[in-house]
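The next block holds one structure in the form of structure tokens; read it before the comments.
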Amino acid sequence: MADREEALREFVAVTGAEEERARFFLESAGWDLQIALASFYEDGGDEDILTLPQPTPSSVSRGTAASDHRVTSFRDLVHAQEDDDEEEEGQRFYAGGSERSGQQIVGPPRKKSPNELVEDLFKGAKEHGAVAVDRTAKSSGESSKPKPFAGGGYRLGATPEEESAYVAGERRHNSVQDVHVVLKLWKTGFSLDSGELRSYQDPSNAQFLDDIRRGEVPAELRRLARGGQVNLDMEDHRDEEYVKPKSVFKAFTGEGQKLGSTAPQVLSTSSPAQQAENEAKASSAIAIDESEPVTNIQIRLADGGRLVQKFNHNHRIRDIRLFIVDARPAMAATSFVLMTTFPNKELTDENQTLKEANLLNAVIVQRLT
């Protein structure tokens, strides 16, 4: 009974649980303190339990003549671990200490607040050579610094008789480029330049933050530079919530070649009266058998116009093509295809009837090729 009371007191001292709750776990474990503690922390879901290995008899501390105690106290075990980093390993508890064995319970690591994490990042960067820069002075200095011209040109002759000579410009390897990145440290995460917020707690960002803390350039930034120099600025926004910056339009500054249009613009030279006359002729050219089923087909033209024509169900898709050419004679020399809208599909077999192609009362779009 005395052993059970001792186990109950140690359980309460280690876990801080109420006596009734402690008794429940001990009774469930058959009054085995180690099993009860393990069950308690598994129920909590956070704590890890580590059992210290049994030392050999030669490593056991022997008492002096002045003291006949052969049991290591909690105070001795705690003092032996004072040099450990409690912030990294979590709070330690000891239970069941004896001459030859002991149980050490290590709580979960204390998570750092975002403010502490940002402070550590700046501290680590400064320890590895980073310097604080005045943002206003930096921006004004960068804008006023002239950039030398690195292109080619012609050196003019000093006299009329002296010929001009072409001078080649500086060659730069396209594969090597300098990269300037701004790392913004916010209240709940960080962002790169105008990118999305990345959480401090996301495991996929742990390596990136560790590299910054060690004063190293993260691998993802080195890949951007392709062997060039990476200039990294860190901005402290730890007291601010992340605000997504407004997207800024950036004009294309690269090089390219102007290609010919694959879809030449169709210019209609017909007057409105002439166009109406052409549409009337095209409509009359479609022979409609009133004794057979009829359907209306709406045609959206590539020039923005719209035609609506009545067809029999046994008319074919090629009849629609001929109708378009008759209504818009300028398209006779233009290559185009006919497509459905929903689903968007090209009508490749123009020998199909409208009924076979499921085009009854459909909308057809003309697309230039």
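In case you wondered, yes, glycine gets a Cβ from its N, Cα and C as well.
According to Swiss-Prot:
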type	residues	note
REGION	46-115	region 'Disordered'
COMPBIAS	67-81	compositional bias 'Basic and acidic residues'
MOTIF	109-115	motif 'Nuclear localization signal'
REGION	133-156	region 'Disordered'
MOTIF	172-175	motif 'Nuclear localization signal'
DOMAIN	178-243	domain 'SEP'
REGION	260-280	region 'Disordered'
COMPBIAS	260-277	compositional bias 'Polar residues'
DOMAIN	291-367	domain 'UBX'
Helix, strand and coil totals (DSSP H, G, I; E, B; other) for the domain 'SEP' (178-243): 18 helix, 20 strand, 28 coil
Overall pLDDT of the motif 'Nuclear localization signal' (109-115), taken as the mean: 65
Composition by DSSP (helix, strand, coil) of residues within the domain 'UBX' (291-367): 16 helix, 27 strand, 34 coil
